[in-house]
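Here is what TrEMBL says about this protein:
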- 38-58: transmembrane segment (TRANSMEM)
- 79-103: transmembrane segment (TRANSMEM)
- 109-134: transmembrane segment (TRANSMEM)
- 146-168: transmembrane segment (TRANSMEM)
- 188-211: transmembrane segment (TRANSMEM)
- 231-251: transmembrane segment (TRANSMEM)
- 278-304: transmembrane segment (TRANSMEM)
- 325-346: transmembrane segment (TRANSMEM)
- 352-372: transmembrane segment (TRANSMEM)
- 384-402: transmembrane segment (TRANSMEM)
Amino acid sequence: MDKRTLSIILPGLLIAATGVGAGDLATAGFAGSHLGVAVLWAVVLGGLLKFALTEGIARWQLVNGDSLIDGFAQRFGKPFVYIFLAYLVLWSFFVGSALISASGVAMHALFPVFSAGTGKIVFGIACSLLGLLLVRAGNFALFEKIMGFSVAIMVLIVFTTALILWPGNTQMLSGLFLPSIPDVDGKGLTWTVALIGGVGGTLTIFSYGYWIREKQRISREDIATCRIDLLVGYAVTILFGLSMVIIGSTVSVEGKGSSLIINLAASLETALGTTGKWMFLVGGFFAIFSSLLGVWQAVPYMFADLVKHLTPAGKEQTTKLADRSSYQLFQLALALLPIMSLWVSFKEVQKIYSVFGTFFMPFLAIALLYFNNQKGMKSDKNSMLYNGMLLITLLFFSYVAWQKFFG
């Protein structure tokens, strides 16, 4: 692949790397283990819904010259900024906690030199600090290269594993093109819904808008380029999800989060041998650590973007977001404060965070239906197809929220 093509698709690959965390891996593997390849279609649907949301964010930004957060702040004022800031801080703490813990568990599986509990803490702290060092010491170009390498490793290993365990063309085609939900009256529907919702990221899809700015994509003429690179990025995400479902369908595993990945690797040893097990663990680690890197680098953009609407105009107003003190301080806090969760339980606060998180995706779908149908969008307004995809996204994630609280 030549440098120009790689440069075009790298922001999409960053989305793929950041959006695949331990929870997404575990959900796909668990769904495959319990429902088989009949639910492959759910991975494709989930990827398409996230593509629609991310493309909408990018299109708004390229037409208007502002981030979507700027658009919210300009229309709804400081109340929106304070609410979103509170949500972002909560989200960042718990996602940071999950990524540090998962990275620690995954690295301990590769280097089991401590007890499991100690390994999670020692390696979790090491991964967090290494991630901080990599994103602060280098520039955006270095970050892109590291993430691109991580994507290549994790996809190559997981896809190769899926090919070795290939269930057969008939089953694959049926799972992709004939939607069905095994055990629909039991837990089949719950896991299928989780699989759709778990493809790609949630709040991290906002990162794409900041990454394309780093690539100097700043006008509506860049919309076509962004669509190409997002198609590639979500194709990689979908391929990864499909591979995990296939792998999960060959074994019976239990657990949750990163522990399920470790259990899955242990189960794969029977089918693939010791080499296959260790290769899968390497792929799983790169998937989790690249997600940590993406969050450490990109989420502080959102914090700095919000804070600028609460501070008086000054010399920092003309400074790039990544060079502002608000970005750098939040990045430091993101890498360090969640470390305390390795020892302490925050169950009640986690419950509150979960309530906020459940409503984020419907809120974003509504926002894009509103913003991207305005007259100012001109020829780049939402098409009927795009509005249809957003409505499906809204209905789906509203259903998830309803089931969570009233089902």
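Every residue, even glycine, has its Cβ placed from backbone N, Cα and C.
Whatever TrEMBL says is automated annotation, not expert-curated.
Counting Cβ pairs closer than 8 Å and at least 6 residues apart in sequence, the transmembrane segment (384-402) and the transmembrane segment (38-58) reach three or more and so form a contact. Counting residues 6+ beyond its ends, the transmembrane segment (188-211) has Cβ neighbours under 8 Å at 11, 14-15, 18-21, 23-24, 27-28, 30-31, 34-35, 39, 42-43, 45-47, 49-50, 53-54, 57-58, 61, 67-69, 88, 91, 95, 181-182, 230, 234, 237-238, 241, 245, 294-295, 298-299, 301-302, 305, 321, 357, 360-361, 396-397, 399-400, 403 in the same chain. Ranking 38-58, 79-103, 109-134, 278-304, 325-346 by CB pairs under 8 A with the transmembrane segment (146-168) puts 278-304 at the top. Non-local neighbours of the transmembrane segment (278-304) in the same chain are 14, 17-22, 25, 69, 85, 88-89, 92, 95-96, 99-100, 102-103, 106-107, 109-110, 127-128, 131-132, 134-135, 143, 146-147, 150-151, 153-154, 156-158, 160-161, 203-204, 206-207, 210-211, 240, 247, 258, 261-262, 264-265, 268, 272, 321-322, 324, 326-328, 330-331, 334-335; each lies 6+ residues outside the stretch with a CB under 8 Å from one of its CB atoms. The largest share of C-beta pairs under 8 angstroms with the transmembrane segment (325-346) comes from 79-103, of the ranges 79-103, 109-134, 231-251.
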